[in-house]
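S.K.: Quick paste of what TrEMBL says about this protein:
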- 9: active site (ACT_SITE)
- 198: active site (ACT_SITE)
- 296-306: compositional bias 'Basic and acidic residues' (COMPBIAS)
- 316-325: compositional bias 'Low complexity' (COMPBIAS)
- 1-111: domain 'HotDog ACOT-type' (DOMAIN)
- 167-281: domain 'HotDog ACOT-type' (DOMAIN)
- 294-325: region 'Disordered' (REGION)
């Protein structure tokens, strides 16, 4: 679809959350189609995880975003979907790839939302494709478990925080889940949640550096539990790490099932977003150094630095490999 002004920030770049929402919609369509392709219990595919997603190039107002999806692996109860986004300037015909993402879905029965139904298998062109897919499946399953185990943190208000500290830029957004946010099963679309998470992360980044900012990448997004229609969700974000030209923001979503639900607040989604600061001309700007004050902030900074260096080393290795080819 064509990108409109309400899809973009003040600089005319389309919000990362808008692109993430489109990516999830494409993944949900293809995985739901596949899971209902054989005779069996009717179901809807629910988003469980999004692997690291890099924003390779910005999409601008007036351009057309083309989103394509392909199923690349199926386990007994999950589907892996590869999604590519390409932007097209319809005046010049110029096209460019802007995003590549991997998403995991699980099919939930329309009759019983707590029941995960079996996924029809796909045919692989080569045995190696199935083996590689199984390896990716085991890795994401382990990472989801590890992430869920460390999801106890909360964000508390800070009185009169100093500039460039964690407390100065941290932000929260409260949202009542309505019917338009939900699937046929009455649970929130993964794309809706990701769009809200990107908005909060963008506010944190803008508060920290006081410039135009854009989403550079999103680390794995883990959907730990479903969010029901009528719930109130709190999306919280805080700065964890800064390099010379990038900012890492931790974002998590907590759900309050306050309507006819005895359950207490729970952690539903978590992820790390990376932003960069840009000038009016769209050139990268230096990012103010994050000032850490507590031991927890210093620990999270070092953990973020480790993720940054790991990603940087991986990117350099890929560039070297591409140069050799």
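Including glycine, each Cβ sits where the backbone N, Cα and C put it.
The model shown is predicted, which means the values in this text are computed figures rather than measured ones.
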S.K.: Of the residues in the domain 'HotDog ACOT-type' (1-111), how many are helix, strand and coil by DSSP?
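M.R.: Residue counts in helix, strand and coil order: 23 helix, 52 strand, 36 coil.
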S.K.: Should anything in the same chain at least six residues away from the compositional bias 'Basic and acidic residues' (296-306) have a Cβ under 8 Å from its Cβ atoms, list it; otherwise answer none.
M.R.: 166, 240-241, 248, 250, 272, 290
S.K.: Quick check on the domain 'HotDog ACOT-type' (167-281): DSSP residue counts for helix, strand, coil, in that order please.
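M.R.: Helix, strand, coil within the domain 'HotDog ACOT-type' (167-281): 26 helix, 54 strand, 35 coil.
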S.K.: Going by DSSP, how much of the region 'Disordered' (294-325) is helix, how much is strand and how much is coil, in residues?
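M.R.: Its residues fall into 30 helix, 0 strand, 2 coil.
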S.K.: Long-range neighbours only, meaning 6 or more apart in sequence with Cβ under 8 Å: which ones does residue 9 (active site) have?
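M.R.: Within the chain, residue 9 (active site) has Cβ neighbours under 8 Å at 15, 202, 212, 214.
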S.K.: Restricting to the domain 'HotDog ACOT-type' (167-281), report the mean pLDDT as a whole number.
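M.R.: Taking every residue of the domain 'HotDog ACOT-type' (167-281) together, the mean pLDDT is 93.
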S.K.: Let me know how many other Cβ atoms fall within 10 Å of the Cβ of residue 198 (active site).
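M.R.: Step by step: centre on the Cβ of residue 198 (active site), count other Cβ atoms within 10 Å, giving 26.
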